[in-house]
Amino acid sequence: MSILVHDPDLKRVRPVLTAVRERAPLVHCLSAAVSMGIVADGLLAAGARPMMTETLDEAPHMVTLANALLINLGTLSTDGSEGIPATVEAAQGLGLPWVLDPAAVGIAPVRTAMARRLLKRHPAVVRANASEVLALTGEAGGRGADSTAVPDEAVRAARQVSALTGGVVAISGVEDLLIDARRELRVARGTPLLTRVTGTGCLLGALTAACLGAGAAPLEAADAATVWIAVAGELAETRAPRPGSFRTALLDSLDEVAL
Amino acid sequence: MSILVHDPDLKRVRPVLTAVRERAPLVHCLSAAVSMGIVADGLLAAGARPMMTETLDEAPHMVTLANALLINLGTLSTDGSEGIPATVEAAQGLGLPWVLDPAAVGIAPVRTAMARRLLKRHPAVVRANASEVLALTGEAGGRGADSTAVPDEAVRAARQVSALTGGVVAISGVEDLLIDARRELRVARGTPLLTRVTGTGCLLGALTAACLGAGAAPLEAADAATVWIAVAGELAETRAPRPGSFRTALLDSLDEVAL
Amino acid sequence: MSILVHDPDLKRVRPVLTAVRERAPLVHCLSAAVSMGIVADGLLAAGARPMMTETLDEAPHMVTLANALLINLGTLSTDGSEGIPATVEAAQGLGLPWVLDPAAVGIAPVRTAMARRLLKRHPAVVRANASEVLALTGEAGGRGADSTAVPDEAVRAARQVSALTGGVVAISGVEDLLIDARRELRVARGTPLLTRVTGTGCLLGALTAACLGAGAAPLEAADAATVWIAVAGELAETRAPRPGSFRTALLDSLDEVAL
C-alpha cells in the first residue's frame, strides 16, 4: 500500500478515483455478452454501480437513471444492435457522458456502420485498440478483439475521430495513447496478463464511463481509468502470475487501489 | 466448521440444505445475462443443478425436466420476454414451484407490466428489494438493481402481494423480511460485501428455487436460502475481504456450509 | 511441475499443446451464454484466442478470420439459432475445422433438429455426453446438461455418428471415449470437481477446437483437449478442493500444464 501512495500516476488520478468511490455513479452498460461479468464486477469493485439492460423497449428508459453510458460492440446481439442507437440518442438528449468501445469494428459489417454513425453522437471518449481506430476512419480492418497495429500508427486516425466527436480517443496498447483536440497523454503501465483475461478492455471502457459519471472531464476520465486498471493489474500480477487467479486479484486490486 | 455447527440459524435450516444436497434438484433459470455465471456456479456449489435456456421455442419444453423454476427479470432480453410467460404457464401446469425475482421493476416498462401479470401465476416466493416490492403494487419506482427503500417500508405492499400470490414475499435488505399470509420472519445476517459482487441477489432467488425443488415449503425455502447465502457470505468475508476473492470464497462457502 | 513432466498422457499430447501456445489459434465460439466467460478465459489461459459473435448478420463474416469454430447448443438463443447454420456453412466453405457440442440435445426441439442437420456439415469432432450421443441418433433423450447414460452405452451410436461425419465422436464421462472410423481411445483422467463448475464441458469443446485450429488431426485434437483439461483439473484439485476456488485454479492450471 505504501508503494501505491507514492505512485506518481496514481497520485495524479487519485481525485477521480475518490470521486467514483464517493458518488458511486450508475453506469449503464450495453456491452459484450462474454464480458458482462467482469464489467459488472469490476465496476462494483471500483465503487461504481452497473446496469446492463440492452433492449430497445427498455434500455432508452433505463438510461435516464444513469450517470454515464458505455456502448461496447464486442459481441453485438440483435437486442444490442436495436437498442444501442436509441439509448445513445436518449443519453445525448439528457447530456449524459458516454463511452464508445467499437470492439472488432472493421470486419463485422453491422458494427462497422453503426460505430461510424455513433461517432456523430459525440462520445466523450472512444476507447479502442489501434486497428479499431484505423477501422473507424476506414483505413484498416481488425482481427477479432486483437490489434495488429500499434498505437502510434493510429495517431492521425485518432485525431480525425477526435475532431469529429469533440472528445477523447484512448488507444490501448503496450503504451496507451490518450488524444484530444490539443493534447496527447501517454500511459505506459500495466502487464501483459491483462490481455490473458477476457473483457479487461471492456472493463477499461466501463471504468472510463464511471469516471465520467463521477464528474471527470473526458481526458481526465480516460487517464484515470487507464491508470486505475493498469496499476491494479501490476499489483495483481505480484500476487497471482497466472490468468485465473490474476482475474480475481485484479478485481481485488481495483478495490484496493481506489482506497 | 465447529462454529457453523452451532450456528442457530444454520441449525434451523439445515434439513433443507441437506435435502438439496441429497436430491440435487434441477433448477430452470430464466435469469439476467450478467449473473448467469454466478447463478449456475452457485447452484452447483450448493448441490443443485442449473439449466438456463430461455427461448419461447425451447424453454417451455425444457421446464418439464425441472424441479423448480427461477424467473429473474434482471436484464430481460427479447428471448426472455417472449419465453418467460409461456415457461411460467408450463411450470404452473406441472405444479412446479417457482420464484419470481422482479429485478429493476418499476422503471423498465416491459418488465413492470410482465411482473404484475406473473403475480397471478402464483409464484411460491417473490424475492425482491423493498423498492421493487413497492413497485409491484404501483407504489414506487426502483433505481437499477439497488433499493432506495428499506424492508419495513414495504411490509404493507408485501402483504398485498402475498395475498395475491398465496405465497411468500422475501424482501432483501440489511435485515431480510420474509412474509406470508400469517407469518413474518426476520433474518439479520450476511455482509455488505454481498452487495459488491454482481448477481448475489439473483443467486439468492436461485437458491430459493433449489430449496423449493428439494421439497421445502415456501417460507422454509426462503428462510433456508437467505440463511445459506448470508452465512456463506460471513464465512467468506473472514477469508477474503475484497470483492474479487470474496466472490470465489462465497462459492466455496456455499459448498462448505451445506455439508 | 516435475510430476507433470513425467505424466504419460501429457507427454503424448504435449506437441499439440505446444502448437496451441505457438500458433495462438483464433477460435470462433457460438456457445452457451452461461459459459461464455469460462470458455473465453479458458481459451486465453490455454494460449488460444476467443471470438464470440453469433448473429446471422455478423458471425458468418467473422468466421473468415478464425482458425477453428466451436458450435455449442447449450442455451441456444434466437441469435444463435439463426446464426449457427450460416456460420457452419461458411466455415465448411473455408475448410475450417469445427467442433459440435450438441448440449441438451434430445429434449429441446429446435436444437435436436438443428444438431442432426449440422452433422451433415462434417464436424471434425462431436463432443457430447453419452445421453446426447444417443439423442443424436434418436435413441434417447437427455436431461439438461447432465448425462444419465454412460459412455459405453453410446458406442454404437457414436460409430453411427462418426460414419456420417467422417470425424471423431468424443463421449465425456468418468472415462472419456474417443471414437473415429477405425480407432477407440480411452482417457480415464480428471476429477468430479469438473462437474461442479459450469461450462467445463463447453470449455473442453473449445479447447478441442483450439487444438484443431493449431493443426492437430481430429482424434489427436480430441485426445489433447481431453487430457489437457483433465490433468489441469487434477492439478487444480490438489490446490483448491471446493468449486469456487477450483474454477480459478483450473484456469491457472490450463496455463501451467501447457508450458
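Cβ coordinates are placed from backbone N, Cα and C, and glycine is handled just like the others.
As written in TrEMBL, here are the features:
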BINDING   A:Met52, A:Gly199  substrate binding site
BINDING   A:Arg127, A:Ser172  ATP binding site
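Feature annotations (TrEMBL) mapped to structure.
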| residue | record | contacts (Cβ under 8 Å, 6+ apart) |
| --- | --- | --- |
| A:Met52 | substrate binding site | A:His28, A:Cys29, A:Leu30, A:Ser31, A:Met36, A:Val39, A:Ala40 |
| A:Arg127 | ATP binding site | A:Val99, A:Leu100, A:Asp101, A:Ala170, A:Ser172, A:Gly201, A:Leu204, A:Gly205, A:Thr208, A:Ala222 |
| A:Gly199 | substrate binding site | A:Ala32, A:Val34, A:Ser35, A:Gly37, A:Ile38, A:Val39 |
So if I draw a 10 Å sphere around the Cβ of A:Ser172 (ATP binding site), how many other Cβ atoms end up inside it?
26
Here the binding-site residues A:Met52, A:Arg127, A:Ser172, A:Gly199 meeting chain B with a Cβ under 8 Å reduce to A:Met52
Can you see whether DSSP assigns A:Ser172 (ATP binding site) to helix, strand or coil?
strand
